[in-house]
Amino acid sequence: MGRPPPVLTLCASVSLLGGLTFGYELAVISGALLPLQLDFGLSCLEQELLVGGLLLGALVASLVGGFLIDCYGRKQAILGSNLVLLAGSLSLGLADSLAWLVLGRSVVGFAISLSSMACCIYVSELVGPRQRGVLVSLYEAGITVGILLSYALNYALAGAPWGWRHMFGWATAPAVLQSLSLLFLPADADETAAHKDLIPLQGGEAPKLGLGRPRYSFLDLFRTRDNMRGRTIVGLGLVLFQQLTGQPNVLSYASTIFLSVGFHGGSSAVLASVGLGAVKVAATLIAMGLVDRAGRRALLLAGCALMALSVSGIGLVSFAVPMDSGPSCLAVPNATRQTSLPGDSHLLQGSSLPPMPRTSEDQREPILFAAEKTRPRPRSGAAPPQLALSSALPGPPLPAPGHALLRWTALLCLMVFVSAFSFGFGPVTWLVLSEIYPVEIRGRAFAFCNSFNWAANLLISLSFLDLIGTIGLSWTFLLYGLTAVLGLGFIYVFVPETKGQSLAEIDQQFQKRRKESCEIVLRQSAAKLESNRC
């Protein structure tokens, strides 16, 4: 007989390539949007529709994906999502109208959302407690690598004819490689247990085959049975607090902070894209090394605390240093109002948008946001217009001697914020979600929490500019800091430590917590009755 396949390596490749596809698809629109504007003459509303199509597809997947994962299995769900991704990429690559572009983005959003849920669950069930933290966190590392890869390809293809078609098409490469890796892996943990040569991978965690497993319905997520309600509170709390701390919007504001410290043109582009991306990759790699040593709970507490301090620091600095809130479609003639592109904030799930590639004559202009608007290209074949905002908005103020230190402090706070999210909420939230639910309902529970993640992301994204207009930029960041403090308290009270435990042990821990809480209530009731008698 031949040697058994390198299962750990294959599991790592499935997790890494899944994350790489996710990150690439999220970030690629930032480089494709400007050439699409020029080729199709997109208005602000049409750009919002195009960028937000991915979010719409992801929301649909989060609503129905859990049932697909539980009914057809984790492996089949990943393979199916890769086929859907191929169809969406084909639609984008061949699109000749806005309708086909939006359809393709929506299909791709459905695929990457379904794949992200199935990948985390699949890897967490297939490996033992000693490898689970690293391998599931590898998905988040793949996301950061995918983002940086999209930046590089966007830059390389910026000047190529129909370069945006190639940008969308390259996303199929990691999906194909992931599908090939899956062919050598078992369908699920049951099949793993059936193959004795794979049981050591589980570290004694292989499930018992046969009948006797409990059955759960979707409504059980909200009932006290086996403390399912407590698990749902943990899952929803983590996904909501990671969004309500404002991390997408804070990072969308990154380029303005770069401008305020005096980085213009190409320097700002390098710092905004490669710099923050490299910081995110480094922090994620650190989290991978610590998640099975320090533990999930410790990383969440440390990350949330640093996020609270850093985002509050940005808010306090902005009291003393005026920083423009960024461009608006109101500055562009004959354009509709922009209320913050949905994609501008959810696009990187924790990374700032890269500035658009420029031609040589545009390099002198300040870099603003990735979603900078341009006037539609004249149909008569005239030369492409210059960026509309170049003359409508003044450049950033020159750094005053008293403000230079504060601006650099804001930049440092931004770097800390990126790092804190990347070794806290970023990888650990999805790892915890893949661990805390029983296998029979894990897919539906994961998808239910993920739907709140996307919905909260949309809410935070669309409310950002309105919130700034109502309470001001400084108070908006301070509000995010207060939310992070509340999140810190939530993690301390509700989130248990699961490092080094098998999935069965984690399940028993939640059931035990339910029994202990019931015993406390009974003792308190008995004490109250006794005191009333006296």
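Cβ coordinates come from backbone N, Cα and C, glycine included.
Whatever TrEMBL says is automated annotation, not expert-curated.
Features reported for this protein in TrEMBL:
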type	residues	note
COMPBIAS	340-352	compositional bias 'Polar residues'
DOMAIN	11-499	domain 'Major facilitator superfamily (MFS) profile'
REGION	340-360	region 'Disordered'
TRANSMEM	49-71	transmembrane segment
TRANSMEM	83-102	transmembrane segment
TRANSMEM	108-127	transmembrane segment
TRANSMEM	134-155	transmembrane segment
TRANSMEM	167-187	transmembrane segment
TRANSMEM	233-263	transmembrane segment
TRANSMEM	269-291	transmembrane segment
TRANSMEM	298-321	transmembrane segment
TRANSMEM	408-433	transmembrane segment
TRANSMEM	445-465	transmembrane segment
TRANSMEM	477-495	transmembrane segment
Check your understanding: Going along the chain, which residues at least six beyond the ends of the transmembrane segment (298-321) come within the CB cut-off of under 8 Å?
Key -> 238, 241, 245-247, 250, 257, 260, 287, 290-291, 403, 406-407, 409-410, 413-414, 416-417, 419-421, 423-426, 428-429, 473-478, 480-482, 484-485, 487-488, 491-492, 495, 497
Review point. Are there 3 or more C-beta pairs under 8 Å linking the transmembrane segment (445-465) with the transmembrane segment (167-187), counting only pairs at least 6 apart in sequence?
Key: no
Point to revise | Same-chain residues near the transmembrane segment (408-433), Cβ under 8 Å, at least 6 residues beyond its ends | key: 116, 120, 124, 132-133, 136-137, 139-141, 144, 234-235, 238-239, 241-242, 245, 247, 250-251, 254, 257-258, 260-261, 276, 279-280, 282-284, 286-288, 290-291, 296, 299-300, 302-307, 309-311, 313-314, 317-318, 321, 323, 349-352, 445-446, 449-450, 495, 498
Check your understanding: Which sequence positions outside the transmembrane segment (108-127), separated from its termini by at least 6 residues, show Cβ-Cβ distances below 8 Å to it?
Key -> 7-8, 11, 14-15, 18-19, 21-22, 25-26, 53-62, 65-66, 68-69, 74-75, 77-78, 80-82, 84-85, 88-89, 92, 135-136, 139, 171, 185-186, 188-189, 192, 201-203, 430-431, 433-435, 439, 442-443, 446-447, 450, 454, 503
Review point. Taking residues 6+ outside the transmembrane segment (134-155), which of them lie with a CB under 8 Å of any CB in it?
Key: 8, 11-12, 15-28, 30-32, 116, 119-120, 123-124, 127, 166-167, 170, 174, 273-274, 277-278, 280-281, 284-285, 287-289, 291-292, 348-349, 351, 354, 357, 422, 426-428, 430-431, 434
